[in-house]
Amino acid sequence: MDGKKCSVWMFLPLVFTLFTSAGLWIVYFIAVEDDKILPLNSAERKPGVKHAPYISIAGDDPPASCVFSQVMNMAAFLALVVAVLRFIQLKPKVLNPWLNISGLVALCLASFGMTLLGNFQLTNDEEIHNVGTSLTFGFGTLTCWIQAALTLKVNIKNEGRRVGIPRVILSASITLCVVLYFILMAQSIHMYAARVQWGLVMCFLSYFGTFAVEFRHYRYEIVCSEYQENFLSFSESLSEASEYQTDQV
């Protein structure tokens, strides 16, 4: 990969992946240090420790909850930006826009879910927290499958298969983790369920990192223009330009 030919926008999904994963692991280590949760590699419960290392439980009490809220808010914002840029990237390349629109809506709802589970801790408002978890995991999984399909269909720079196949594998892994998570939760096998949850989140974050491959080919600009009350249509502008040129002649 030639760094001189790569857009700086490729770093956005990488920053999202690295920042969010680092933030969540900081939350985990704070909670372990405070004896709020068991370490992921624990075989048995320690005296005085009541909870399995679920992410929501790790970020339930301060100071870990403060870090958790900030991480999830920033992650939601970055995910929303990625969603919009991805939609703009694919818009001129897809014939039927419904799949691209569905991907945008799904990722926006997943981002909204991140803010809910980050700002409404489990013990403070369990119902809203669980709604946020469902939105994040549910629409996040849907987003992965939609983007994998779009990747193979659009085939940007003939890299569709090279990027699409890993995304299909990650999407299948995420789906499997979601199913296993709920099965283990239903059977109260909490240590294994917590490990599956961490694996699920890391797969999500890895998936987002793959958008760097396609973002490196694109440059995005924000155009700002002064508002004019007497806005001229395109035809009127051409007419004025032609009159000006005639006067000059």
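Just so it is clear, glycine is given a Cβ too, placed from its N, Cα and C backbone atoms.
According to Swiss-Prot, the feature topological domain 'Cytoplasmic' maps to 1-9 (among others).
Annotation source Swiss-Prot lists topological domain 'Extracellular' at 31-64 (among others). If you look at the topological domain 'Extracellular' (31-64), the same-chain residues 6 or more away from its ends with a CB under 8 A from one of its CBs are 24, 117-118, 121-123, 129, 133, 190-191, 193-195, 197-198, 201.
Marked as topological domain 'Cytoplasmic' by Swiss-Prot: 86-97 (among others). Within its own chain, the topological domain 'Cytoplasmic' (86-97) is flanked in space by residues 103-104, 107, 147, 150, 153-154, 156, 211, 214-215, 218, 220, which lie at least six positions past its ends and keep a Cβ under 8 Å from the stretch.
Sequence-distant neighbours of the topological domain 'Extracellular' (119-130) (same chain, 6+ residues past either end, Cβ-Cβ under 8 Å): 56-57, 59-61, 65, 68-69, 72-73. According to Swiss-Prot, the feature topological domain 'Extracellular' maps to 119-130 (among others).
Per Swiss-Prot, the feature topological domain 'Cytoplasmic' maps to 152-168 (among others); the stated evidence is a curator's inference. Tertiary proximity for the topological domain 'Cytoplasmic' (152-168) is limited to same-chain residues at least six positions away from its ends with a CB under 8 Å from its CB atoms, namely 89-90, 93-94, 99, 144, 207, 210, 213-214, 217.
Here Swiss-Prot flags 214-249 (among others) as topological domain 'Cytoplasmic', drawing on similarity to another entry.
Marked as transmembrane segment by Swiss-Prot on the basis of sequence analysis: 10-30 (among others).
The list of residues near the transmembrane segment (65-85) in space but at least 6 beyond its ends in sequence, with Cβ under 8 angstroms from a Cβ of it, reads 9, 12-13, 15-16, 19-20, 23-24, 26-27, 30, 58-59, 103-104, 107-108, 110-112, 114-115, 117-119, 121, 208, 211, 215, 218, 220. Feature annotation from Swiss-Prot assigns transmembrane segment to 65-85 (among others); the stated evidence is sequence analysis.
Marked as transmembrane segment by Swiss-Prot on the basis of sequence analysis: 98-118 (among others). Long-range contacts of the transmembrane segment (98-118) within its own chain (CB-CB distance under 8 A, at least 6 residues past either end) are made by residues 56, 59, 68-69, 71-73, 75-77, 79-80, 82-84, 86-87, 90-91, 128-129, 131-140, 142-143, 146-147, 149-150, 153.
Per Swiss-Prot, the feature transmembrane segment maps to 131-151 (among others); the stated evidence is sequence analysis. Listed as Cβ neighbours of the transmembrane segment (131-151) (distance under 8 Å, sequence separation of 6 or more from its ends, same chain) are residues 56, 86, 90, 94, 99-100, 102-103, 106-107, 109-110, 112-118, 120, 160, 163-164, 167-168, 170-171, 174-175, 178, 200, 204, 207, 214.
The transmembrane segment annotation in Swiss-Prot covers 169-189 (among others) and rests on sequence analysis.
Taken from Swiss-Prot, the feature transmembrane segment applies to 193-213 (among others).
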